[in-house]
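S.K.: Okay, handing you the structure first.
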Amino acid sequence: MYVEMIDETGQVSEDIKKQTLDLLEFAAQKTGKENKEMAVTFVTNERSHELNLEYRDTDRPTDVISLEYKPEVDISFDEEDLAENPELAEMLEDFDSYIGELFISIDKAKEQAEEYGHSYEREMGFLAVHGFLHINGYDHYTPEEEKEMFSLQEEILTAYGLKRQ
């Protein structure tokens with residue numbers, strides 16, 4: 001998995017960046033998304049608020065904003081066409097590899113770590129996995145969806161070693 005990481009705040013340690021990258025690669029392996037690309041941007045509450053207004057019509061900052069990339073065109077070819085044209089097959093693979101981007105508010109992560117009584121590292125890991133699952137089609141609008149997403153989220157975090165304290 002390729003992850004572009006951007007720290008707009010200038011406050012995220014190399015350890016947190018490495019943990020985020022390692023954890024996203026681990027989550028990608030667990031979910032069969034190893035050959036995908038995404039971006040993670042660390043932001044302030046102010047920037048999170050701006051992004052929420054722009055993309056979600058929500059007038060407040062949130063801990064993580066997940067923007068799933070969905071191409072506006074449906075490109076499909078039959079197997080025979082792809083077998084005859086390997087360059088086309090490779091182009092389609094590249095086109096399909098970008099899954100989206102996450103914006104993680106470091107301010108919210110700090111607030112929530114304190115509120116929930118666990119480490120900042122655990123909260124940052126939780127937000128990365130939560131956002132990753134969202135851009136891969138998981139959601140929690142219904143009780144069934146919530147159960148599926150949250151159990152997978154906890155399974156990934158626990159297997160990685162970021163348990164609730």
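The backbone N, Cα and C atoms fix where each Cβ goes, and this holds for glycine too.
Heads up, here are the entries from Swiss-Prot:
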BINDING   His130, His134, His140  Zn(2+) binding site
S.K.: To which of the binding-site residues His130, His134, His140 does the lowest count of other Cβ atoms within 10 Å belong?
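M.R.: Comparing Cβ neighbour counts within 10 Å for the binding-site residues His130, His134, His140 gives His140.
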S.K.: What does DSSP say about His140 (Zn(2+) binding site): helix, strand or coil?
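M.R.: Coil, per DSSP.
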S.K.: Determine, for the Zn(2+) site, the additional residues of the same chain whose CB lies within 8 Å of the mean position of the CB atoms of His130, His134, His140; present them in sequence order.
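M.R.: Other same-chain residues near the Zn(2+) site: Ser66, Gly131, Leu133, Tyr138, Asp139, Met149, Gln153.
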